[in-house]
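*Asks:* Quick one: this structure, given as structure tokens, is what I'll be asking you about.
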């Protein structure tokens with residue numbers, strides 16, 4: 001008979017089997033509930049972190065955009081300030097060049113004034129006077145020296161101010177370059193996204209870079225550069241105005257002094273011409289008086305010669321009558337008359353000789369006076385030549401001034417003709 005096989009091992013009861021099934025179902029339910037809870041928390045976390053990341057990225061993009069706008073505003077401000085500084089540098093450089101040209105232009109008036117003083121040193125004798133012309137020329141030299149010192153000072157101040165402007169511009173340019181680089185970097189940062197090819201992890205990205213500044217320090221630096229540039233531009237504008245005023249003032253003063261000097265020089269030339277004409281008149285009258293005096297001396301000599309002959313006749317008569325014989329040698333009226341005639345002729349001859357000597361002395365005095373007049377005419381002619389040379393020399397100053405050109409053309413031509421006539425007269429003399 002067949003036997004029944006029995007599996008060896010422990011045998012569980014039906015309740016154990018049901019209990020085990022219930023435990024497995026309960027564990028599965030619990031595990032699914034826990035998993036559902038984790039899934040819900042994960043979904044919530046994903047949503048929250050995703051939203052947080054998007055908002056953070058959005059806020060940072062806005063901050064980057066605002067920073068770019070702020071930096072760009074400062075860049076535009078610096079652009080304008082740089083343009084103003086460049087314009088001020090150009091304007092100050094032009095004014096400096098104008099001051100240097102004006103300073104250079106003062107060399108010609110100074111040379112002319114010194115040349116006029118040197119020329120007038122060639123005056124001779126009594127004509128070497130310290131007249132108003134010489135005083136005005138010395139004033140002109142002092143005024144030109146003063147103007148040159150002022151213009152030199154303004155040119156030096158302009159040079160120093162240009163250096164300060166260049167330094168301020170260098171600061172602005174450096175700040176502007178930093179703004180340009182910062183804008184480029186921030187715009188590049190603004191353009192980055194998760195799809196950008198050049199993103200990667202960096203070592204210690206949250207470290208604070210060495211040399212970092214605060215926003216207030218950053219803005220204060222740009223504000224300081226701008227304020228310094230504006231202060232230097234204000235100083236430069238004031239210096240430009242003062243320099244232009246100094247150039248105009250020195251030009252006006254020199255022009256007024258030039259007019260005063262030439263007025264005195266013209267007056268001196270007129271006085272010399274008047275004195276020259278007076279001397280020519282005196283010379284002519286003296287020559288006429290000399291001619292008349294020589295004629296009178298000739299007549300006196302002739303008269304003295306006649307009186308000598310008359311005296312010889314009287315002496316001969318008296319001598320001859322001494323040979324009358326005996327009683328006829330009497331003192332008759334003829335004897336007395338001849339004696340009186342001799343005494344009269346001798347007195348007349350003494351008077352004639354005295355008058356002849358006086359006339360000769362007067363003639364010598366006239367010749368001395370004529371020599372003095374002719375010498376003084378030479379001095380006056382030389383002085384006229386010198387002062388007209390001064391006028392011709394000073395015409396160099398009238399070339400840039402068209403409004404004085406007609407006067408400069410008319411006056412020297414007339415004085416040259418008058419001087420030429422007087423020079424020819426002096427040569428003939």
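The backbone N, Cα and C atoms fix where each Cβ goes, and this holds for glycine too.
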*Asks:* Given 342-369, 370-397, 398-425, which one carries TrEMBL's coiled coil label?
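*Replies:* Among 342-369, 370-397, 398-425, the range TrEMBL annotates as coiled coil is 342-369.
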*Asks:* Look up region 'Disordered' in TrEMBL and report which of 162-183, 184-205, 206-227, 228-249 it refers to.
*Replies:* 206-227
*Asks:* With the ranges 73-121, 269-317 to choose from, which does TrEMBL describe as coiled coil?
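*Replies:* It is 269-317 that TrEMBL describes as coiled coil.
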*Asks:* Sort the residues of the compositional bias 'Polar residues' (206-226) into helix, strand and coil with DSSP and give the three counts.
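*Replies:* So the counts come to 12 helix, 0 strand, 9 coil.
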*Asks:* Looking only at the coiled coil (269-317), what is the model's average confidence as pLDDT?
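*Replies:* Within the coiled coil (269-317), the model's average pLDDT equals 91.
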*Asks:* In the same chain, who gets a Cβ under 8 Å from the compositional bias 'Polar residues' (206-226) while lying at least 6 residues past its ends?
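*Replies:* Beyond its ends, the compositional bias 'Polar residues' (206-226) has Cβ neighbours at 74, 77-78, 81, 168, 171-172, 175, 179.
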